[in-house]
Structures are given as C-alpha cells and as structure tokens.
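Now, the feature entries from TrEMBL:
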- Asn137, Asp182: Mg(2+) binding site (BINDING)
- 44-61: transmembrane segment (TRANSMEM)
- 73-90: transmembrane segment (TRANSMEM)
- 96-114: transmembrane segment (TRANSMEM)
- 126-154: transmembrane segment (TRANSMEM)
- 160-193: transmembrane segment (TRANSMEM)
- 245-265: transmembrane segment (TRANSMEM)
- 272-290: transmembrane segment (TRANSMEM)
Amino acid sequence: MHYMNHYALGIIFSVLLSSFLVACCKKFGILLDHPSERKEHREPVPLVGGVVLFIYTLYLKSNQQFTDIKKELPLYIVFIIGLIDDLVELRYYTKLLLQFFAGLFFINSYNFVFTNNMKLDVVLTLIFFITLLNAFNLVDGINGLLVGLAIIYFTFTQNYVYLPVLFVLFLFNVFNKLFMGDSGAFLIAYLLISDEQVPRELTKALVFFGYPMYEIASSFLRRLLLKKNPFKPDRFHLHHLGTKVFGNTFFLILAYSLVIGFVLLSTKEFGLFVYIGLSLLIFFFQLIIIKNNSSINGSNGVPERDKSNF
C-alpha cells in the first residue's frame, strides 16, 4: 500500500508539474521548439520534459539521508548542458567539450571495466559516457521512443521510483504536449549509466544499451561511407527509416522489442558477438532502404526535434 501511495503521488505531482511548466512556456514564449520545414509539428512545443524529470529527481534525492555532492555533481552538469542547448542550441564541439568536463567528474565516482589496465579503463569509461549521452539524445527523434526506452531500462534495473514521472512524460510526449529536449535525453542517459544495476563490464554495458549505441555508431559509419560530415544531422536514422517503412506505432513496438532483447542478451557471455552480428545485419538493410529511397525526407512518425548533431 505504501508503494501504491508513492506511485499515485508521483503521478499526480508529475501531471501537475508538467501542466504548469507547459503553460508557463507557452505564456512567456521560452523553452519552445518552433516548427520548421524539417519538423512535423505545426505549433511550438515546450521542451520541458527534462525539467520535469530533473525536479522529480531532486525530490527523490531530498529524501535520501546522505548525498555525496561530489558524486552527484555530473547530474547537475549534464542537465545544465542540455538546458542551455535547448535554449540557445550549442555547437556540437561546445557540447562535446562540456560533456568531457562532466565526464571527468563522472569517472571519479564510476568506472567500467574492459581491460586489466586501470588508466585505459578510465579513458574508455569517459568515451562511453560521452557517447551514451549523445546516443540517447539522438534517439529522441520520434515521440515515445526516448521515454519508452527509459521506462524499459528503469524497469530492468528495478529502479521503479522513476516510473511514475516517466509514464506521465510518455503520455504528454506521444500526444505532442511536450518534448523531452536535450536536457531530458542527457538526464535519462546519466541516471541510467550511474545506476548500480547497469552492468559495469564495458562489453556487457555496450550490449545493454545496444539500441541507442547502434543508432549513434551506425550514423557515424553511414555518413562516412556516404562521404558526408559525420556531425551533420540527417533523417536516415533507423527510427526515421523505421517509421517511414513500418509506421510510427509498429516501429516503436519493434524498437522496444530490440531494447528488451539487447538487455537480455547482455547477460550472456556470447552477447557481444550476437549483438555485433545483428547490428551489421540491421545496418545492411538500413543502407539498402536508403539506396532505394534516396528521396526520403521525413517519416510517418512525429519527430521530436531532429536537430541532433549526431
């Protein structure tokens, strides 16, 4: 009963906070994602999903008896980076520099294991941290994808305290009432990568976060193969092509299924090999679709922001 009360209060709090922030953004004309030729929405949509999640996180932290400020510092840094980007749209190299700064604090408290060399593991952890932040930002391309993935991941890590706010944000998001923004994408990525239930072995963590990692890795490789700027945004991501081919709803189901499959695969010793093989297969079909549909300019789904540099 105690947990039910907690979840009910969490849902009520999230609904009220989301509604209030959405109304404020529209009234004062701040934190709005305005329509453009590369976006599907026709009215400005508030970028407050990350703000809602951040306030909810602060509430959860306030109930903890002891909080290590130094350990929690990256939480504030990544949120501020995302919030600034939502306000003024930072250049990709500026974001990378700020993320590197946040990563330096992150590796003081968290570390993934890949080799027997501690210094090398620290470097790899820093690279993984920055990559994952941008990977989650990249998948925030159609409504329901980022928050849906977050719900799945937090369920598997048994971090149920975030589910009330995520379910509310999911509903607001799929009905185009708010977008998560970069602040939301970065914050979700940080909360997950710092979760103690996430595999600390780097190869298993790579498979665990297999879907967003595939999206960012395939984006770089695809653009290099096509002799394009790897940092220049396009609409040939898997989620864009997937919604074009399958429709928004069916692709979301496929994406959620992939996430669940990769999470389960991360528990197997052979998981990395299967993941690499499956990723290459998906990438092969992705290139075929691009080649046969070179005129693709959009998707059937409702893209969120579509301004990611990745």
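The count begins at 1 with the first shown residue.
Cβ coordinates come from backbone N, Cα and C, glycine included.
Automatic prediction, not curation, is the source of TrEMBL annotations.
If you look at the transmembrane segment (245-265) against the transmembrane segment (126-154), you find at least three C-beta pairs under 8 angstroms, all six or more positions apart, and that counts as contact. Look at Asn137 (Mg(2+) binding site): DSSP puts it in a helix. Using a 10 Å radius centred on the Cβ of Asn137 (Mg(2+) binding site) and all shown protein chains, the other Cβ atoms total 29.
Summarising the environment of Asp182 (Mg(2+) binding site), the number of other Cβ atoms within 10 Å of its Cβ, over all protein chains shown, is 30.
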